[in-house]
Amino acid sequence: MQLDDILHRITIVVAAALIIGGIVVACEFTVLIDAVVDRMVALRPGAKTFGWWAKPPVEPRISLYIYNVTNADDFLSNGSKAIVDEVGPYVYSETWEKVNIVENDNGTLSYNLRKIYSFREDLSVGPEDDVVIVPNIPMLSATSQSKHAARFLRLAMASIMDILKIKPFVQVSVGQLLWGYEDPLLKLAKDVVPKEQKLPYEEFGLLYGKNGTSSDRVTVNTGVDDIRRYGIIDNFNGRTHLPHWTTDACNTLAGTDGSIFPPHIDHDRILHVYDKDLCRLLPLVFEKEVMTSNEVPGYRFTPPEWVFADVDSHPDNMCFCPAGKPSCSPNGLFNVSLCQYDSPIMLSFPHFYLADESLRTQVEGISPPMKEKHQFFFDVQPKMGTTLRVRARIQINLAVSQVFDIKQVANFPDIIFPILWFEEGIDNLPDEVTDLMRFAEQVPPKIRVALIVGLCALGVILLLLSTFCLIRNSHRQSTLHLEGSNYLATAQVDMNKKQNKDNQPARY
């Protein structure tokens, strides 16, 4: 009986341990899985995820839509409203690779980004030789900058432009507009401007110098020491902050390149993306849950509506007005001139999405914006922080100032003139990557439930079995005790009968 009692006690302890184990799994299993994910995604040279980061197994594309001016002469001569015809898309496939990668001692990696663009005429509306008429950006930048200069300088500029036969609109091919053409003003500047003030290029093109390896040196956190810093830029060309804006918060570079984000993302997280051409860190907020075509769940993040808002609507944007409130951008525009050698370039979303309606109607031919066509968004896998799908949509505009002393632009009004808009992004990831994401998203919860149910069920079964055995043994002991009592009672009766018989007198 003593051995049975010991076995019962052991069974109860094991059952209790299993039930407690189920409770612990319910509470701590997610923490364990998160730790596994953290180790898996951190940028360790030689790891599979490192290879995907260094040379993404995707084919990004950029589609460009150009605003071709159809009435340039009437606009300049008669004061007619400019009419534009949106032509596009002109599509380029891209290959991305991080080169010259160096592992640093402080948990960071440094690299240069190589982007190669290849024209896809099969996906485009026409060849790169298609001709368009667009504002002369170098000329109009120079005239707008001269508005507050001495009058004799403006008159001298008008004479030079007369001699060089420079006009406010240029007729160029799509390829020239994007990748560069020889501009007489830039050529003149190369010869007469002091060396320290010269522009770093000799031709003008909106994507000039971007087809190849960038000279910019980027340093990012690996996430090995702190997963919360995974992919976050540590410095860009040695700088931890931009030099342009009025506060550290607006100058910070603490975002990612958009391909990865720190994992374990929830709806309340604000993601940040840095791109040199945006001239700032771009915040992204949660919009909705999405599902990719290969059944990987994700979260859609988009810029908040206030990101390009004017300071009256969103006072926090005052930090992006270093020259004071009068110089602040209109609602829906962002001034990147400080990053573009003082050229009055304004960024917006395509078709002035989320901007004042008056900006779109300054010219004719731009249809009202549509969210599904013109919204900027990132779809991100929340568990691993990997970007699933991207539509980075931006419009480039030129803020032209009227300058009466320069006859070539005397009739060119103050206007935000749209040049083009583009859509850069990826549609999906290869199966090898999405299979891993599905595993990380779907399998651990199932294992967790199975362990919880299995451990708790086994514990309850053992507990019930132990209780049953305890009751049975108790019943057996009661039965034995009863049988023993009956035996003693019978024996006592027999003994009494014998004594009575012995005490009776003998009969003769």
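Keep in mind that glycine also has a Cβ here, set from the backbone N, Cα and C atoms.
TrEMBL annotations: computationally assigned, not manually curated.
Features of the protein shown, as given by TrEMBL:
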TRANSMEM  12-33  transmembrane segment
DISULFID  C250-C319  disulfide bond
DISULFID  C279-C339  disulfide bond
DISULFID  C321-C328  disulfide bond
TRANSMEM  449-471  transmembrane segment
Of the disulfide-bonded residues C250, C279, C339, which one has its Cα closest to the Cα of C321 (disulfide bond)?
C250
CB neighbours of C319 (disulfide bond) within 10 A?
17
What residue among the disulfide-bonded residues C250, C279, C328 has the most other CB atoms lying within 10 A of its CB?
C279
Whole-number Å only: compute the distance from the Cα of C339 (disulfide bond) to the Cα of C328 (disulfide bond).
16
Where C250 (disulfide bond) and C328 (disulfide bond) are concerned, what is their Cα separation in Å, rounded?
15
Using all protein chains in view, find how many other C-beta atoms are within 10 Å of the C-beta of C339 (disulfide bond).
16
Number of Cβ atoms other than its own within 10 Å, given for C321 (disulfide bond):
17
Fill in the CA-CA distance, C279 (disulfide bond) to C319 (disulfide bond), as an integer in Å.
13
From the Cα of C319 (disulfide bond) across to the Cα of C328 (disulfide bond), what is the distance in angstrom?
10
